[in-house]
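One structure is given here, and the rest of the page talks about it.
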Amino acid sequence: MVPTQVTIFSIIMYVLESLVIIVQSCTTVAVLFREWMHFQRLSPVEIILISLGISHFCLQWTSMLYNFGTYSRPVLLFWKVSVVWEFMNVLTFWLTSLLAVLYCVKVSSFSHPVFLWLRLKILKLVLWLLLGALIASCLSIIPSVVKYHIQMELLTLDHLPKNSSLILRLQMFEWYFSNPFKMIGFGVPFLVFLISIILLTVSLVQHWGQMKHYSSSSSSLRAQCTVLKSLATFFIFFTSYFLTIVVSFIGTVFDKKSWFWVCEAVIYGLVCIHFTSLMMSNPTLKKALRLQFWSPESS
């Protein structure tokens, strides 16, 4: 059982993190949209970042609505909000994975024909990749929609004995189909992310070794170190976010209700840090943040 003080502290942290994520999302979309208005073009990475900003904005508002609406009374009145939350979560995973793929294609030094072809076609492919992410996210929530309909049916069958064959069949569908499919929905984009990060890390380490062998300038080596550190941060926080989401879905390791707000504070704290690292990795967003918070020094 979690102490009341810890629960209250977790709720306060969750609300503050939610506000920060909403501000981050609005800033990302506003800055990059202004960039598009000025230059009438955006890079594939910036297109994904705008999509991530919109996704995080919707995800956070949905999360707050669902958490405060159903925590005290876990009735299925908000099941549609829960489905939207899950959809936005899976979409966020796919968009982050696409971002890792873009970084891998753009930065890696592999000379395989597939990488060369992707570098040439990536600008045309990015919209198709976004469409694919939307379709995959929609498909991944189908079992959850069925699951919530099943739970609604179970509420109407309270008059039946607990060991009724109909109730048992409905519960078996939920446990043996819905939950594994949900894990697949989160696992596939994470696997894509993992493969992209591994390939990119291997490429950067090889390139770094070549630069040291040929006695490249210290500034170039420092730049490579900075990229590797950013990559490590990207990997650590997104992996932590994935594992925390998985544990919160399983909910069998601990008393899920008593640890609910602690889990939410941890999850969205990781989201906040991860999104900050993404913003700081983009030159346009980084420049806008510096002008916003350190304008006297930058001028």
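Placed from the backbone N, Cα and C atoms, the Cβ positions cover glycine too.
Membrane topology taken from Swiss-Prot puts L231 and L285 on a shared side. Counting C-beta pairs under 8 angstroms (sequence separation of 6 or more), the transmembrane segment (83-103) fails to reach the transmembrane segment (6-26), with fewer than 3 such pairs.
According to DSSP, the topological domain 'Cytoplasmic' (27-44) comprises 14 helix, 0 strand, 4 coil. Sequence-distant contacts of the topological domain 'Cytoplasmic' (27-44) (same chain, at least 6 residues past either end, Cβ-Cβ under 8 Å): 50, 52-54, 57, 102, 106, 122-123, 126, 279, 284-285, 288-289.
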